[in-house]
Amino acid sequence: MGSMGVVGEEVQPRSYWRWSKQDFLPEQSFQSWSTYRTALSQTGYRFKNRLISRSDDNNEIGELPKRSENDMKRCLTWWDLIWFGFGSVIGAGIFVLTGQETHDHAGPAIVLSYVASGVSAMLSVLCYTEFSVEVPVAGGAFAYLRIELGDFIAFITAGNILLEGFVGSAAVARSWTSYFTSLLNRPSNSLRIHTNLTEGFNLLDPIAVAVLTIAATIAMISTKKTSYLNWIASVVNNVLILFVIIAAFIHANPSNMKPFFPFGAKGVFQASAIVYFAYGGFDNIATMAEETKNPSRDIPIGLIGSMSIITVVYCLMAVSLPMMQKYTDIDTNAAYSVAFQSVGMTWAKYLVALGALKGMTTVLLVGTLGQARYITHIARAHMIPPWFALVHPKTGTPINATVLIVIPSACIALFSSLDVLAGLLSVSTLFIFMMMAVALLVRRYYVREITPQQHLLKLVIFLLIIIASSMGTSAYWGLNPNGWVGYVVTVPLWFFGTLAMAVFLPQQRSPKVWGVPLVPWLPSLSIATNIFLMGSLGSKAFERFGICTVVMLIYYVFFGLHATYDMAHKQDQPESLKVDDSNIREKAEP
């Protein structure tokens, strides 16, 4: 990746700020058109090789971080991670989604939607926690899936992670502008530039671009300083949320909670699939394992502790809104503001807007931090150019990776209203969380060169039964939500598939420090709930997901496949074409 310059007998470290072809395309396949054509002619063989290849813990922890040339600074404790959890998860979603789903789908039973989605999110949190303790690197889900499910599955995950990073950050930034407008008591789009472009892309948002740029700059300067700023902003935000909860309960009218199930169970689960994404962002905490002083202690406390508190806070807010205002009267655009206005607290809408604004600021800050670390590790594996893996020697942060996040996000935020992409983000998130649960089961029940072949075959069969039955349950719910015959088949299949795994397969690996309890039941339940929630989304979300997956596969066939194959087979390359990694143990100068 980065090579040393030689002057006489003296080895000169290369500057961090460099732009040569070798920094972006150092692999053998891209040295000339001739080598690239040769690589393309071997696509089938190379794809098979990468499909069955696996990384391992030592490679992800020990070898890949060296490709960043400088270490990230271990400066975070469990206290930082808990507040990063608050900052990453609690944003505008709780203010916006609660009102929309209470009015449209769940009614006063919205609290049950938050309980269901909170349980599902906690199952994913448990899977992330075990992996991040065992493999404390910046790559998060990408690194974990690369170890257990291989390069190809990891690449699909990496593509979805990048998609989430670009579009998610842009969506939050545009929401930031909307709430800032509300705080100033101005018309909805008064701070955006109106153009003659196509509908949905005709309102330019320079404020969103500025907010993204500021958040990225702070994240590049120092992880610890970002933590301090996040802590201050999160404290202010939590105080405002506490005020909202207390004030709402003071003005509560219990009669507003009747009827409790106006839309039935179907409405509760439809709302659950949407409000689930108010819990999104906790996976960013796992990417900070490489900068955590004591990962085996700090990560479980930070992840599980923050998500437990957040779930309680969300449920309290979900109860308070329909108690304060009848669900049929709730304003879907400004639920809490209008509800407070209905009880004579008009001034409280400014506190709600300020709370949402503070929440979105920390979501952007921590999101930029986490997504940049994802990108760093993806680049270490050469699935994207390794220039993005470099860590700055003075700041200890991945500046190049942060730039890769902010530029596409800023472009999307400037032009797009992002309404069409909301469902796409939902599918991507649930897909990643579902694959994490699958990877955890593979990690517990399969160890290469140790697990007997017949046990591997049983594991594959049981996993297919669990996934297929979960998909069947989700499909039947979508087609016939009031029926029950289909569940007589799918639910027992899921149960017996999980039971068979527990009874007939011995676990091949025990967690070294901290592990998910009740394996395989909890990971299997996580698979089922994530697939079920995916099935609650509209068909258009899956169409866009499919299109984006096709684009990812095209990129993989023409670039990612050959770059990762070359890195895995460096020892077989001609000496003149080997990637020069001789300096990976050296420190680059700024």
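Sequential numbering from 1, following the chain as shown.
Every residue gets a Cβ built from N, Cα and C, even glycine.
Predicted, not measured: the structure shown is a model, and the values here were computed from it.
Here is what TrEMBL says about this protein:
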- 514-563: domain 'Cationic amino acid transporter C-terminal' (DOMAIN)
- 76-97: transmembrane segment (TRANSMEM)
- 109-131: transmembrane segment (TRANSMEM)
- 152-173: transmembrane segment (TRANSMEM)
- 228-251: transmembrane segment (TRANSMEM)
- 263-282: transmembrane segment (TRANSMEM)
- 303-324: transmembrane segment (TRANSMEM)
- 350-376: transmembrane segment (TRANSMEM)
- 397-415: transmembrane segment (TRANSMEM)
- 421-443: transmembrane segment (TRANSMEM)
- 455-478: transmembrane segment (TRANSMEM)
- 518-538: transmembrane segment (TRANSMEM)
- 544-565: transmembrane segment (TRANSMEM)
Chain residues outside the transmembrane segment (109-131) and at least six past its termini with a C-beta under 8 angstroms from it: 98, 101-102, 140-141, 144, 260-263, 267-269, 271-273, 275-276, 278-279, 282-283, 285-286, 299-300, 303-304, 307-308, 311, 314-315, 318-319, 321-322, 433, 436-437, 439-440, 443, 511, 514-517, 522-523, 525-526, 529-530, 533
Tally of residues which DSSP labels helix, strand or coil - the domain 'Cationic amino acid transporter C-terminal' (514-563): 40 helix, 0 strand, 10 coil
Winner by Cβ pairs under 8 Å against the transmembrane segment (76-97), considering only 228-251, 263-282, 303-324, 518-538, 544-565: 303-324
Contact ranking winner - 263-282, 303-324, 397-415, 455-478, 518-538 against the transmembrane segment (350-376), Cβ under 8 Å: 397-415
Stretch in 228-251, 303-324, 544-565 most in contact with the transmembrane segment (263-282), if contact is a CB pair under 8 A: 303-324
Tertiary contacts of the transmembrane segment (397-415) (same chain, 6+ residues out, Cβ under 8 Å): 16, 68, 72, 138, 165-167, 169-171, 173-174, 197, 201, 204-206, 208-209, 212-213, 215-216, 219-223, 368, 371-373, 375-376, 379, 384, 387-391
